Amino acid sequence: MIEFRNVSKVYPNGTKGLNHINLKIQKGEFVVMVGLSGAGKSTLLRSVNRLHEITEGEIMIEGESITAAKGKGLRRMRRDIGMIFQSFNLVKRSTVLKNVLAGRVGYHSTLRTTLGIFPKEDLELAFQSLKRVNILEKAYARADELSGGQQQRVSIARALAQEAKIILADEPVASLDPLTTKQVLDDLKKINEDFGITTIVNLHSIDLARQYATRIIGLHAGEIVFDGLVEEATDEKFAEIYGDVAQKSELLEVAVK
């Protein structure tokens, strides 16, 4: 379980990124967070693995405080958290296989990984992960030779090879076309269902949130304004999340295109 205890984030300019967040996410959930740009979605997501440090409160993972973790303890906890970015975050000139093997770095010494020395078991796991997202044939291609959708699937394979217990996906389909968007979200959903990996995804599309989530969390101005099951996420609730009915209707139209 992931638990946010009275979590706040204030940026140096005084802007509140998060305002007293109290939230529990159970193991195996597929949670989609929605809200306007600047609502706090990315800040909340990235605070889980401390890519963003919080100003106040505490974040617990399986009963252990990642907020208080340091050194080896922090590295161990981060090893269990896979991160998927909008920009893919791959080493473009490296092969797909090497990018996936980067998910194993936390399990070995710095010297071994710097030299690119991975045991046979890691290679097998990397190949299995690529097969899982239907991109095994690209194992020896350079990452920059792949389409955007293929690169995002490499990111998912990297999280699988990492044997992550939690996957955080920050706007993973924002730059993808509708067909590729479906493929990427289908992969994330199937992995969530097959392996019980807790998955938190930031999305702008209301339609996609309804299609894939088991639970939807709406943020507005750094605060949670909705937290419920998909069937509870009515048009009226989305209007509250996005501020007004006109904004909500516009987003619905974009989502369907």
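Backbone N, Cα and C atoms are what each Cβ position is placed from, and that goes for glycine too.
Listed in Swiss-Prot:
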- 2-246: domain 'ABC transporter' (DOMAIN)
- GLY35, LEU36, SER37, GLY38, ALA39, GLY40, LYS41, SER42: ATP binding site (BINDING)
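Using a 10 Å Cβ-Cβ cutoff, GLY40 (ATP binding site) registers 23 neighbours. Apart from GLY35, LEU36, SER37, GLY38, ALA39, GLY40, LYS41, SER42, the ATP site neighbourhood in this chain, defined by C-beta within 8 angstroms of the site C-beta centre, holds THR43, LEU219. Listed in sequence order, the residues of the same chain lying 6 or more apart from LYS41 (ATP binding site) and placing their CB within less than 8 Å of its CB are MET33, VAL34, GLY35, ASP170, ASN202, LEU219. Neighbour count (other Cβ atoms within 10 Å of the Cβ, all protein chains): 26 for GLY35 (ATP binding site).
When the binding-site residues LEU36, ALA39 are compared by the number of other CB atoms within 10 angstroms of each CB, LEU36 has the fewest. Each of the binding-site residues SER37, SER42 was ranked by the number of other C-beta atoms within 10 Å, and first place falls to SER42.
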